[in-house]
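Per Swiss-Prot, these features apply:
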{"type": "COMPBIAS", "residues": "654-669", "note": "compositional bias 'Basic residues'"}
{"type": "COMPBIAS", "residues": "957-970", "note": "compositional bias 'Polar residues'"}
{"type": "MOD_RES", "residues": "SER653", "note": "phosphoserine"}
{"type": "MOD_RES", "residues": "SER971", "note": "phosphoserine"}
{"type": "MOD_RES", "residues": "SER1022", "note": "phosphoserine"}
{"type": "REGION", "residues": "654-678", "note": "region 'Disordered'"}
{"type": "REGION", "residues": "940-981", "note": "region 'Disordered'"}
{"type": "REPEAT", "residues": "76-117", "note": "repeat 'WD 2'"}
{"type": "REPEAT", "residues": "132-169", "note": "repeat 'WD 3'"}
{"type": "REPEAT", "residues": "193-227", "note": "repeat 'WD 4'"}
{"type": "REPEAT", "residues": "233-268", "note": "repeat 'WD 5'"}
{"type": "REPEAT", "residues": "332-366", "note": "repeat 'WD 7'"}
{"type": "REPEAT", "residues": "388-464", "note": "repeat 'WD 8'"}
{"type": "REPEAT", "residues": "508-583", "note": "repeat 'WD 9'"}
{"type": "REPEAT", "residues": "592-653", "note": "repeat 'WD 10'"}
{"type": "REPEAT", "residues": "715-771", "note": "repeat 'WD 11'"}
{"type": "REPEAT", "residues": "780-832", "note": "repeat 'WD 12'"}
{"type": "REPEAT", "residues": "837-890", "note": "repeat 'WD 13'"}
{"type": "REPEAT", "residues": "904-927", "note": "repeat 'WD 14'"}
Amino acid sequence: MRRFLRTGHDPARERLKRDLFQFNKTVEHGFPHQPSALGYSPSLRILAIGTRSGAVKLYGAPGVEFMGLHKENNAVLQIHFLPGQCQLVTLLDDNSLHLWSLKVKGGVSELQEEESFTLRGPPGAAPSATQVTEILPHSSGELLYLGTESGNVFVVQLPGFRTLHDRTICSDEVLQWLPEEARHRRVFEMVEALQEHPRDPNQILIGYSRGLVVIWDLQGSRALSHFLSSQQLENASWQRDGCLIVTCHSDGSHCQWPVSSDTQNPEPLRSSIPYGPFPCKAITKIFWLTTRQGLPFTIFQGGMPRASYGDRHCISVVHNGQQTAFDFTSRVIDFTVLSEADPAAAFDDPYALVVLAEEELVVIDLQTPGWPPVQLPYLASLHCSAITCSHHVSNIPLKLWERIIAAGSRQNSHFSTMEWPIDGGTSLAPPPPQRDLLLTGHEDGTVRFWDASGVCLRLLYKLSTVRVFLTDTDPSENLIAQGEDEWPPLRKVGSFDPYSDDPRLGIQKIFLCKYSGYLAVAGTAGQVLVLELNDEAAEHAVEQVEADLLQDQEGYRWKGHERLAARPGPVCFEAGFQPFVLVQCQPPAVVTSLALHSEWRLVAFGTSHGFGLFDHQQRRQVFVKCTLHPSDQLALEGPLSRVKSLKKSLRQSFRRMRRSRVSSHKRRPGGPTGEAQAQAVNIKAERTGLQNMELAPVQRKIEARSAEDSFTGFVRTLYFADTYLRDSSRHCPSLWAGTNGGTVYAFSLRVPPAERRTDEPVRAEQAKEIQLMHRAPVVGILVLDGHNVPLPEPLEVAHDLSKSPDMQGSHQLLVVSEEQFKVFTLPKVSAKLKLKLTALEGSRVRRVGVAHFGSCRAEDYGEHHLAVLTNLGDIQVVSMPLLKPQVRYSCIRREDVSGIASCVFTKYGQGFYLISPSEFERFSLSTKWLVEPRCLVDSTKAKKHNRPSNGNGTGLKMTSSGHVRNSKSQSDGDEKKPGPVMEHALLNDAWVLKEIQSTLEGDRRSYGNWHPHRVAVGCRLSNGEAE
């Protein structure tokens, strides 16, 4: 009965927990999912992006970030900053207006929603009468002019959103000021443009969709002049001196109209169709910007020839005889031009073009000849190719960091040297305490290295593995330079490229040794590459070795995709990580596990068929081990023919549900009679399974799984350790492997000493085989030394960055399966402790990592614990080696299967997971390590808005990027409410990740359902937490 007794409450331990553990969701890295609106404040130099899920994100200088979330789950249609103020107005698709303010509290700025408003019409009026289409914040900062679908312009006073009905500009009133010939045409309908006169705040421009443009005198309530076009109006804007109006139209034309009090109905000075004479698409927005040199900039969106280029997403820039149509790979949401902010200035002098596309943000330098792009310090398009895996490395040595940055800088020669132009606000966060890397593998065979040290996730270097293989579309053979005379003058910009040359190139596993510079990557078609960092470009052949994982098996036939064909002969590689050996697994199945030991120069790899060990110093295979069970036919079908096993998959799913339901009833009686009754129940449940879809929730105790379940040989984890494997007197190198069927294999390795390492071969011999009784998949293996501390990383002791492991006391083996944790003594491998995670909750371990938790009070105190993520989205911290649960937090929605599958833990109690295809959510479990924005925006100290200078380097001077603070801890189960967090989407990842995850998920959840979801937070949102 002792095991049923609750342990006593220990106040000292509870206080220590508060010093060690605290859950926070801190910052979102990447590009906002499904952007829908763009805004910019010239006085604050802050950019705003709205999304379809109702989020508003503000960005200034690197490290200056804010986020707000509307209570309503509606798309943001427009964002407008109030001139000269720290306020902005948003328009949602439910026709509601919201006023936001940046207010200083506690020395930092917070984004708060002040009030909301919906324009109401008279009783019985049609909804279009008050449907807002255009918003003009007046320069006074006290009035909003709202154009509507009915053609009326309403005036709303701020603050308070009070409608001034006596100042409404009705379409009937405007009609009275038009000449007789214009009154007979349907010149109104909706308002398409509202612009204040750049020199006279008493005049506004009103543009109607039917082609009428009116200059309205606010004081005299009269039309000063009007302009009538024969084409439908899309947009209109002033020239800086107010003497010229530029309009753009639905036929792909734009016109210039002189503004004069003498002429009431002038003809356009100039009308042109830039990409005519054939029918063109509409020009939806246009800027006409003056310069000191005298030649203006004309920048417009759309207008491409409808027949040949109607599917292109282009923004054209015309200046001084040069014309370029910037071609984006995703739909353009909106754009703006950064120019001289002082209204009294004589010229616009534009210096940057900011384009918000559906999948990325692009900034073009308009000062430098050729108009090159500007490198982004944040808002990176993480999903330029679909993310398939991720890997985090903490505390990178300075030398390796500098070498990676140097290799990356050579890839950035096409970027402008302009300093980042959106530099509003001040980051108050201290410099990050260490250098961290986040590596992401992608579907197109690339690996991207990101600076994850602080708030800004910045791309440092991109590695491509494509050159190692021959693909159907070789980029080196298909690059066709565009001639100078080609029309239209298209130029591809941006990094988003959703198309992959070959899905087999996808990266599935990454392992980087930060001490030696060795990198191992593995892919979808069984390819394993070992790479070494080289500071110079080189040309060499990549040695190829085949690892046949089925060499001892007969009668198996692989039905999946073929292997990738390696490129023969020497290959040119740029500076950076260069591959020197390729290990090709046969069959070419997805590589499911990878481990690299740079001190022993060994790399281990596993698939659904087995695992192998390769000596990359001698370029030879050490051994392969087939883990297939005779029933693992599904493992041979491969991802491209998985649909063939649908019937078998459904049958196995119902068997699992049947066992779950039966186990929740009374215990099965013993003897033949009980077995017969149980068999009858099983048969009946299987027959009626398809009809009875309303099943009880899965609540089961741990039970042994059948050895005939599919994918029992699926290798889930690989682990190197120098420990006591054969006897307690001698320790030796070893390799451990855990499979989907609950089997753990241990191989003792004989690695020759350094002086004979190149001559003598590495030898391996199987020493142990452990079969877990419940046969749950093994997701983690760890060896603890005599002091119960995890063994250090390879070369960590040699670099004096870790103490030598205690080899005097007895070592312990920790095996983490999906359903329980178990500690074994070594070398006898006798069970010592265990923790059942899934007793009655149906939860299973999805991710596990070892983290060091430092105390926020005592600098020299810390503990090593396991960070565990379950399929329910909960994160638990479990002590080692006593396996005592410490805290538990709810982190990810249980429906977000792909978000759970993408989670990665760091060595210091932080983590990342994908909340959308383009965004990582960062969270922290530690009180000591917390990266969050802390910034200040002060309107009274607005910067002088000179154009950014062009200097040497990339201009990405990261003055601050994170904040490490100590804060009040949270008790278990009462975690801090997540603040401005967008858990609004699931990962729409590559088919490879879907296939692997669907294999691992017992309940066969559907990937097709995408249910947007938001965390309910208050209106008051700070840049780190909700209040």
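Using N, Cα and C of the backbone, Cβ positions are placed for all residues, glycine too.
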Check for me, if you would, whether the repeat 'WD 9' (508-583) reaches the repeat 'WD 8' (388-464) - at least 3 Cβ pairs under 8 Å, residues 6 or more apart in sequence. yes
Residues of the parent chain within Cβ reach of the repeat 'WD 5' (233-268), under 8 Å, 6 or more residues beyond its termini: 179, 182, 192-193, 195, 197-200, 205, 207-213, 215, 224-227, 274-276, 279-290, 298, 300, 302-304, 306, 345-348
What parts of the chain pack near the repeat 'WD 2' (76-117), using Cβ distances under 8 Å and only residues at least 6 beyond its ends? 36-41, 43-44, 46, 48-52, 54-56, 58, 66-68, 70, 130-132, 135-139, 141, 144, 146, 156, 158-161, 425, 428, 934-939, 942, 980, 1019-1023
When DSSP states are grouped into helix, strand and coil, how many residues of the repeat 'WD 14' (904-927) land in each? 0 helix, 17 strand, 7 coil
